[in-house]
Amino acid sequence: MATSITYASDTFEERGRVHRTATSLSNRRPRSRDSSISIHRVNSTVDPSLALPPQYRTVSYGVEERQRREQSKREVASSRRKPQSTPAETAYANIDYHKLSVNDLFTRLGSSSKQGLTSSAAGQQVKTVGQNVISAPPSKWAQRVFGYLYGGFGSILFIAAVLVFVAWKPLGQPPATANLALAIVLAFVWVAQALFSFWQDFSSSRVMASITGLLPDQCVVLRDGQEQRVDARDIVPGDVLRITTGSKLPADVRFIQATSDARFDRSILTGEAAPLLASIDTTDDNYLETACIGMAGTHCVSGNAWGLVVDTGDRTVFGCIAKLTNTPKSGLTPLQREILYFVGIIVSLMLVMIVVVIIVWSSWLRTHHPNWINVPTLIVDLVSVAVAFIPEGLPIAVTASLTICANIMKKNRILCKSLKTVETLGAVNVICSDKTGTLTRNQMNVTDCLIGAKAITAADALTAEKQDDCLQELAELGALCNEAEFDASTLKLSINERKINGDATDSAILRFVEGLKDVASLRASNRSLFKVAFNSKHKFAVNVIQADASDEAVLLIKGAPDILLPRCGSYLTSDCNTAELTTDVRRQIERTKDLWSSQGRRVLLLARRKLQSSRLPFDPATQPRECEISIMDLASAQLTLVGVLGIVDPPRPEILGVVETLRGAGIRIFMVTGDFRLTAQAVAAECGIVTQSPAQVVDVRSLTTDDLDQQASLLNGKTVDAGGDAYSAGRSIVMNGSELDDLDDDQWDRLCAFDEVVFARTTPDHKLKIVKELQSRGLTVGMTGDGVNDAPSLKAADIGIAMGSGSDIAIEAADMVLLDSFAAIVEAVRYGRVVYDNLKKTIAYLLPAGSFSEFWPVITNVVFGLPQILSSFNMIIICCFTDCAAATALAYEKPEADVLTRPPRNAKKDRLVDWKLILQAYGFIGVVETVTSFAMSYWYAQRSGLPFSALWFGFGSTPDGMSSDTMVEILSTASSIYFVNLVVMQWFSIFALRTRRLSVLKHSLNWYILPAIIFALLITIFFLYVPTFHDVLGTAVVPVEHWFLPMGFGMALLLMDEGRKAAVRRWPQSFLARIAW
């Protein structure tokens, strides 16, 4: 069967059950817009709002990175290995529609704000740029069907079947029924492998099927100076489009007019629920982030606008992202490369042997022994060589191994969305883990607070006098600048038992301040005038409020101390007076912040600024953008520090053991978090990710030091050894995300060589950069994440890992979902390695009987004139039936004891089939099985009156005193004995191959092996003991002693291999150990 192993973005046979399992998680993921985790049935469609955002964000970050590189003269001059931009990133980095003035853009597109395009110009544009439709991806069905039929070994099987049919008729004189039977079996196997490949391949996109309904059918444009309703397919660049509330944009537009409340929902592309306020002028150099561009597929949720169409059809952002999402990942997976390498070896050997047979026949046998091998027999011999070399059961065994391991992981609450995930896990050597909710419990609690310059614990604050005005001020600010809310159904419960809707940080603050003051009444007596939500770039949140009893507005702000403390000019003293924030007080606050951070606390600063009046500089309703700009300006200085909170999110109890296990398995854990540097370092130390003392942990300065001997000795060349040889133990570094932008290639090389790395204050684009830099140095990277903005890094990583509580978009982008906790990653890695080990065992099992022992009967037949002691039909039976079931049973082998104590395999160097495995399969097991099978067959012939001397260089001659029918009968029985000897010895071979290092007696029993042996026995009996097959297939009944003799040979084989394993364990540095597979 073909070894063309292909995978889909979402395939395995348990898809329906996975979907139902995931649906049960919906109640635990309040951010989710969909109840499934997007692991769909085979022919279902994908929600584009889940599939498009990861690609959109990836391109957007790529555009920003390209623009940053172009602005950096130092990198342009010195970088020797710049990250490569994709065509989409290059195109959007060069687009200037958002930078040009509106008048210049009208001039470029030949349009007018008052007249629009003329009808004739619009018609000409349709002919030039085409209709405004998104092209469906080419199905390539012919190419795919061709691949199903002729990929891998399929072409060989097809040619073999055709040749044997020809050998039967018209070349067969008379036609041999055995050749017809062989041809039918070969044709059956060829069709079966094609159907198997078809069943396995679900790589066609499921996104485009969902896209056609996302664009409007009709729209209103300005043409010839009049508003006209036209088909959306006829929109062209230069059209002036009217946009009203509820309108979907049919094309990309530059806004030329917009009401103050015009907002557009971009969630279909960005995944962000908050609508974007439209702008006439550009707000960002990045075309994909600016607010003056409206994108096809998005819709207007409020207000009205006019837009100038700049791109249509496939050239729109929507069309480009849809196309990128629909494009399958290029390149082969590690296992596909290994299978291709193995197929190349097998096919090369097969072609060499076929050429040898043809040369021997044409130069010698055809002239000296013309009656021995005629053309039909030569064709059958050549087919026999091909059949002997092809392990037809390999594709079934490979897919069965992957699917079985995926199902085992599902039982461990790990969902693998594709089979390629399983095979890649065994090669992962770096896991970049998020902190909150992954390494920690995501159950935050306020533990400390600082009022003025005095630090007190949260417990002391809650028991303090309620008249403490400072605590009341802190409570008011924490309650009002907070998006979390108590669930109304749990208000009667105690504070700690109430359910809270909101993120973990806001929830912790809400619980704390509720103990100081009634939050509900506080919020009822204050109204919010304007809010600026927290994001990963500015790292603070703002709420401008006005109390019912006050005429003044107050700006409340909470966020990262390193961002907000420099903006504070005063502070609230312990007696609740406002005083100047002197240098000494500032240093004292810094020391407290650093102390808390070093203890693993997340530190937040809360501040306020009283405004002159209740009237904001701009009306939030009519001028929201101008209002936001003015509020951000007010928040940039003259703040009064009210207090500082220390929040703890304790590590998961199992995380220390998980990190220790993964480190023992040779996998490095890098923490990637948005927290402050000292907080990140402390939490990493608690989790076991950083094992060095704080004094031994270095920072970015160590990457620029040229005289460090350790660093100089790490890298002799430009690449890091992915296998781990270049790493020295116990070296730790903590980096801020902002520092990553200025690293050159040499510094990245040094950074990637550290054992323990913590990335603090990172943004989503930093995560993506980290993944790409690690991959460019030959490392196999796993990345965890749960947010919308994590999707690009999850998609880019070799293994994207999402938590079951994460957003739907993150889960859609990930390859694997951990439904319960990060601890499940240990089982995922374990079975990722097991599947690779089991595939090696499967191949080592298939090669001796299914290849090596089948090849020699053909060669001895051609070169030494012996009868082909194993028929081609029996070869097929071994490959596709008796061996295939047992090979599949090997996929159920449990992990060996050392699976998590050895380093990960090197995806570039470690071969699935290497010379050590070939030596084991061919040089040991294959030789033993072949020699004993030959011996048993010819011993039977000798005892039956057909001496070996009469067959050696006999070229089909019948011994004196023996009829040809008698000779055929003896040889048919001898051939069946050869067949039985291989089948029975394989029963013992499978036990020898169940372990690579341990004694099989110390390995858990595989209960699937016994049914596989029984199946092989029944198949053998069926073809040997049914009289109908004897004349047609050349089989015969085997004497009973030839069932038991192979058992003795098999036991000897098993004992020899046990002795070999014992010697390898006893002398691990010996020659025998060095050649052990």
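Just so it is clear, glycine is given a Cβ too, placed from its N, Cα and C backbone atoms.
Looking at 532-556, 1032-1056, the range annotated in TrEMBL as transmembrane segment turns out to be 1032-1056. A contact links the transmembrane segment (382-409) to the transmembrane segment (180-199), because at least 3 Cβ pairs that are 6 or more residues apart lie under 8 A.
Between the transmembrane segment (339-362) and the stretches 180-199, 872-892, 913-941, 1005-1026, 1032-1056, it is 913-941 that has the most C-beta pairs under 8 angstroms. Under the criterion of 3 or more C-beta pairs below 8 Å, with sequence separation of 6 or more, the transmembrane segment (970-993) and the transmembrane segment (1032-1056) qualify as touching. Counting Cβ pairs under 8 Å to the transmembrane segment (1032-1056), the top-ranked stretch among 180-199, 913-941, 1005-1026 is 913-941. Long-range Cβ contacts of the transmembrane segment (1005-1026) within its own chain (Cβ-Cβ under 8 Å, at least 6 residues beyond either end) map to 874, 877, 881-883, 885-886, 888-890, 892-894, 976, 979-980, 983, 986-987, 990-991, 994, 1033, 1035-1038.
If you look at the transmembrane segment (913-941), the same-chain residues 6 or more away from its ends with a CB under 8 A from one of its CBs are 338, 341-342, 345, 840, 843-844, 847-849, 851-853, 856, 869-870, 947-948, 951, 970-971, 973-975, 977-978, 981-982, 985-986, 989, 992-993, 1039, 1042, 1045-1046, 1049, 1053, 1056-1057, 1075-1077.
Residues in the domain 'Cation-transporting P-type ATPase N-terminal' (96-169) partition by DSSP class (helix H, G, I; strand E, B; coil) as 44 helix, 1 strand, 29 coil.
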